[in-house]
Amino acid sequence: MSIHNNDSSKEPSIHTDFTNNMTYGEYLALDRLLSSQKRLSGHHDEMLFIIIHQVSELWMKLIIHEMQGAISAIQKDELQPAFKMLARVSKIQTQIIQAWDVLSTMTPSEYMEFREKLGQASGFQSYQYRQIEFLLGYKTPHILTIYQKDSELHAILEKAYRAPSIYDAAIEALARAGFPIDPDLLRRDYSITYTGNPTVEAAWLSVYKDVKTYWDLYQLAEKLIDIEDWLQQWRFRHMKTVERIIGFKMGTGGSSGVQYLKKVLDHRFFPELWDLRTKL
Ligand code: HEM
């Protein structure tokens with residue numbers, strides 16, 4: 001990749017013959033990427049609406065990649081590389097939270113001019129978002145039904161649905177470190193959303209009460225809290241942006257809209273890590 005310069009003609013070594021070499025655009029498949037913004041209404045603001053979703057989906061792709069890497073590192077007790085990947089996830093989350101500021105420049109009147117073109121399409125059907133929820137341990141099966149018509153995608157989603165979450169991996173790490181974790185938990189059905197267990201709470205409490213001895217596990221717990229905290233902030237900003245743009249209208253996905261988005265804010269991915277703060 002070359003450095004852009006306002007007066008490139010004065011750069012003696014600038015490459016201009018790409019007959020036999022790959023360009024920046026080819027490497028990044030920019031032809032496909034930049035021709036994927038297909039407005040259905042021709043309305044000026046629909047471009048913002050499409051790009052904000054596409055950018056969020058691209059970042060989600062990287063979140064999934066990093067989280068899968070982090071889970072396999074935790075499973076091998078390689079916590080330092082996992083911390084690096086989880087720190088990156090948190091930074092990406094701050095980016096997608098900032099994206100709400102850009103979207104908020106669209107007014108309700110502008111959105112209403114092209115909303116009906118979306119039909120029943122909604123972020124509710126974002127399979128990458130559900131994959132992230134699966135990686136965090138929130139296993140809702142409706143996405144599997146929605147994507148039944150696409151067997152390849154359905155298989156990917158089903159695999160993620162049945163796989164251990166990052167919190168399952170963390171609980172197994174606690175057990176390997178010698179904490180007495182309920183054995184049923186260690187052979188549980190991973191497709192069921194985790195709701196809490198007293199042996200896990202006792203283990204995390206011990207970690208937080210003796211951080212010097214359990215520094216790595218303590219750091220793992222704090223990285224998980226970072227991710228859940230940012231995810232809730234993303235959810236909150238989404239809910240408020242939606243209220244600002246459509247008020248209390250129903251969503252295009254068929255939900256009650258803001259009411260539904262408020263309800264999902266109540267879900268906690270890592271319950272013991274929140275509860276222990278009161279108990280310490
Ligand atoms: C004008 C902008 C937006 C509006 C009015 C809006 C509205 C809504 C509504 C009402 C829902 C609830 C489901 C439904 O009935 O449709 C929803 C869900 C969702 N939206 Fe948006 N949204 C907007 C922008 C975005 C953006 C930029 C993203 C980024 C990818 C996004 C991702 C999601 C996701 C992942 C869900 C599922 C949330 C869950 O089930 O917990 N939305 N949206």
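Every residue gets a Cβ built from N, Cα and C, even glycine.
Feature annotations, reproduced from TrEMBL:
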type: BINDING; residues: PHE49, ILE50, ILE51, ILE52, HIS53, TYR111, ARG115, THR252; note: substrate binding site
type: BINDING; residues: HIS238; note: heme binding site
Item to complete: Would you mind listing, in sequence order, the residues at least six apart from TYR111 (substrate binding site) in the same chain with a Cβ closer than 8 Å to its Cβ?
Response: ASP45, PHE49, ILE245, ILE246
Worksheet, complete the sentence: For ligand 1, the binding-site residues of ILE50, ILE52, HIS53, ARG115 whose CB is under 6 Å from one of its atoms are ILE52, HIS53
Worksheet, complete the sentence: All chains considered, the count of other Cβ atoms within 10 Å of the Cβ of ARG115 (substrate binding site) is 18
Worksheet, complete the sentence: CA pair ILE52 (substrate binding site) / the residue listed as 'heme binding site', Å rounded to integer, equals 12
Discussion item. Can you tell me whether DSSP puts THR252 (substrate binding site) in helix, strand or coil?
Written reply: coil
Worksheet, complete the sentence: Cα of ILE50 (substrate binding site) to Cα of the residue listed as 'heme binding site', in Å and rounded, measures 16
Worksheet item: Record lists PHE49, ILE50, ILE51, ILE52, HIS53, TYR111, ARG115, THR252 as binding substrate; longest Cα-Cα distance in Å?
Response: 18
Worksheet item: Can you tell which of the binding-site residues (PHE49, ILE51) has the fewest other C-beta atoms within 10 angstroms of its C-beta?
Response: ILE51
Discussion item. Can you tell me how many other Cβ atoms are located within 10 Å of the Cβ belonging to THR252 (substrate binding site)?
Written reply: 19
Worksheet item: Can you tell me how far the Cα of HIS53 (substrate binding site) sits from the Cα of HIS238 (heme binding site), in Å?
Response: 12
Discussion item. Between the Cα atoms of ILE51 (substrate binding site) and HIS238 (heme binding site), what distance do you get, rounded to the nearest Å?
Written reply: 16
